[in-house]
Amino acid sequence: MAPQTRSSFPSVVIERETDTEESSSFSEEEEGGGGGKGAGEEDAESESENVKTYEERTKGKAPISIPLKKVCKVCKKPGHEAGFKGATYIDCPMKPCFLCKMPGHTTIMCPHRVATEHGVVPAPHRSAGNPIDFIFNRQLSPRVRPIKPAFVIPNEVKCAVTRYHSRRVTCLEFHPTNNNILLSGDKKGQLGIWDFHKVHERIIYGNVHTCILNNMKFSPTNSGSVYAASSDGTISFTDVETGISSSLVNLNPDGWQGPSSWKMLYGMDVNAEKGLVLVADNFGYLHLVDSRSNNKWEDTILVHKKGSKVVGLHCHPLQPDIMLSCGNDHFARIWDMRKLQDGCSIHDLEHKRVVNSAYFSPLSGSKILTTSQDNRLRVWDSIFGSMGPPNREIVHSHDFNRHLTPFRAEWDPKDPSESLAVIGRYISENYNGTALHPIDFMDISTGQLVAEVMDPNITTISPVNKLHPREDVLASGSSRSLVIWRPKEQSESVKEKEDQKIVLCGKLEKKRHGKKFGNESDDDSDHDGGFGPVSKKGKA
C-alpha cells in the first residue's frame, strides 16, 4: 500500500529525574555541615532528606522535549515531505518532477501525465539507404502486417492465488507447450509451478536456489526442463514435473569471500541455433554454457563496463548471431556473437540512467524496446539503419525498484504489428476513492496509452507481467501473489467452463484450511503487500 504521511509530528518528552550539578553541591553541603553526629545518624538523616527533596529538586525543572521534525525521504532535509498522500504523489521541492524529470512543475501538473499519447518525445527522422536496409524491406518487412489489427486486452481477473510465494515474485515464464502452466520465481530462490486452469494445483520447489531467482528459460530441446539463473552465482537445470535439479555452473565455488568477489547472475537467454545458454553477472561479464554437454566455456567476455551489473540478455528471433544486452552502465549494446570480444559491440545505445530491460521485437526482430530508470520507454524502429537517438521516447512511471522487482516493458508475442507492449505502473491513481496501480498497455508505434488494467481488489504494485505466447492471457506478479487476466468479451461456453476463483494461500489459507504453504513473512510487504478485500464467494 502507498505510504501514509503524518500531518503533525509529536514530541518525545523526557522527564528530569536528577540534576547532576545540584546533587553534587547537595552532597558537599552534607559533608561540610555534619557537626558532631554519628555515622548512623548521618546516614539516616541523608536518606530521609534525599526522599524529601526529590520532588523539590524536580518540581521547578522543565522537562526535556525532543521535537520530531518533518524530514523529506528524497533530499533528507527537514521542513517538508515527499511521497504518496493517498493516491496523490507529492514532489520534493528541491527536486524536479518525479515523472518526467524536468523542472518547473510537479507530478500532478506534469504535461506528460495528462497527454493523450502518454508524453511521447519524437526523435529526428533518419533515412538510411544502405544494402542492409534493402534486405530488411525484402525479407523481414513482409512479416509485419501493414494494417494494424485491433488489440485484444486481457482486462479482467480470471483467477488468482494470494501469497503463493513466501517472498516477492521476480520472474514469470509460460510453458512452451502446455498453455495452462505458469512458472514463477521469487526472491528466496523458490521455483513455483501453477496450473491456473485448475487453480488449486500448485507446486513450489524450494531446493533450486538459495537466494533471488532472477531469470529462467525453457530448454529448446526438452520442454519439460528449465534453466534458471540466481544471485547465488549458479545456473540450475530443473525438471518441471519431478523437481530434480542439477547445478550446471557455480561461479562461487569457495563460498562467501566478501561482496567484492561474490558473483551474481542476472540476465539470461538461450540460443537454440548455437546450442548455448548465455548468462551475465554483476561484474559486466558474459558466460557461455553448452546446452548439449552442460559445460561452461572457460572464456568470459566483458560486455559492459567492468564492475557494472548486466541485467538483461536477448537473442535475435531470426538472426542467432545477433545479441542484445543491457546493464547498469546506462547502455544497451548490440553484439555479433561471431566476434565476441571485449569492447567490440556493433552499436551502443546510450541512456540517461540504468537500463532495466532491452528486447528485440518478437517477429521480425527489427525493433528494439528498452526500459530505463529515468521513466522512459525508448523505441528504435530499425536496427539496420543508423543507430543514433531513439525514434521515440515514451514517458512512463516506473522509476522505483527498492523493495520491488524492477519494471520491464515486454512485447506482446501475438501482435502481428509489433507495436503492443505491457508494463506495470508505479505512481498510483485515484479510482473511486481507491489508490490503484494499473498495468499499462502501450502502443509503442505512437506512444499512446491503449488500456489501463486494474481491479479494486488488487491495491498493490504489479511490476512483473508476462503475456501468453499463444492465448489472450496476461500473468502478473504482485508481491507474493499471482494473477491471471483474460478479456471480458468471451463466449458463453468459455464463461461456463471457466469460473473465477481466488485461492488464499499463506497465513490466510492456514487460518481457513490449516495448510502451511508460504507462511513466512515478507520484508517487502510494506511496499507491495497482499491483495485487498475478497468477496464472500471468492470472486474478483
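Please read every residue number as a count from 1 along the shown chain.
Every residue gets a Cβ built from N, Cα and C, even glycine.
These figures come from a predicted structure and were not determined experimentally.
Here TrEMBL flags 1-59 (among others) as region 'Disordered'.
Marked as compositional bias 'Polar residues' by TrEMBL: 1-10.
The feature compositional bias 'Acidic residues' is assigned by TrEMBL to 18-32.
Positions annotated as compositional bias 'Basic and acidic residues' by TrEMBL: 49-59.
If you look up TrEMBL, you'll see 162-195 (among others) marked as repeat 'WD'. Secondary structure counts, DSSP: the repeat 'WD' (162-195) has 0 helix, 18 strand, 16 coil.
Among the features that TrEMBL reports, repeat 'WD' is placed at 348-381 (among others). Beyond the repeat 'WD' (348-381), the same-chain residues lying 6 or more positions past its ends with a Cβ under 8 Å from any Cβ of the stretch are 98-101, 136, 140-141, 143-144, 311-312, 314-319, 322, 324-328, 330-334, 387, 390-399, 401, 406-413, 415-416, 418, 421, 423, 442, 444-445.
Marked as region 'Disordered' by TrEMBL: 511-540 (among others).
Per-residue confidence over the repeat 'WD' (162-195) averages 94 (mean pLDDT, predicted model). Helix, strand and coil counts under DSSP for the repeat 'WD' (348-381) come to 0 helix, 19 strand, 15 coil.
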